[in-house]
Amino acid sequence: MMMRSFAHTASFTAAIMIAWSAFSVTDAKADDAKPDAMPTAASQCLSCHGTNGNPALKDVPILLGQQPLYLENAIRAYQEGRRTGGQALVMHEIVKDLSDADIKAIATWFGGTQ
């Protein structure tokens with residue numbers, strides 16, 4: 001049972017990292033093109049949380065419509081290692097280098113009504 005859980009977590013982590021690398025190459029000027037454009041930093045969220053913040057996977061939290069402050073606090077908790085369990089280690093690796101501006105932009109984007 002423990003080995004199965006480890007294998008599932010390892011494969012999920014690998015899938016996230018592959019998807020993250022595919023989305024990490026974006027045009028920095030895209031954010032400037034229109035004010036309601038998705039923040040560049042949010043592109044790393046799409047592979048798991050869905051392009052609109054409503055994921056296809058049942059174990060992935062819905063970001064669309066969450067309160068921006070809640071999302072900011074959640075991202076910071078993952079950054080600082082205060083959230084544990086589940087996919088906390090994966091989330092930590094994804095968000096560890098986000099700036100405060102990135103966090104605010106991501107929270108505002110997903111928390112808004114796009």
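Positions of Cβ are set from backbone N, Cα and C atoms, glycine also.
Predicted automatically and left uncurated, TrEMBL annotations should be read as such.
Residues or ranges marked as signal peptide in TrEMBL: 1-30. Marked as domain 'Cytochrome c' by TrEMBL: 30-114.
Mean pLDDT for the domain 'Cytochrome c' (30-114) in this predicted model: 87. When the domain 'Cytochrome c' (30-114) is classified with DSSP, helix, strand and coil residues number 47 helix, 0 strand, 38 coil.
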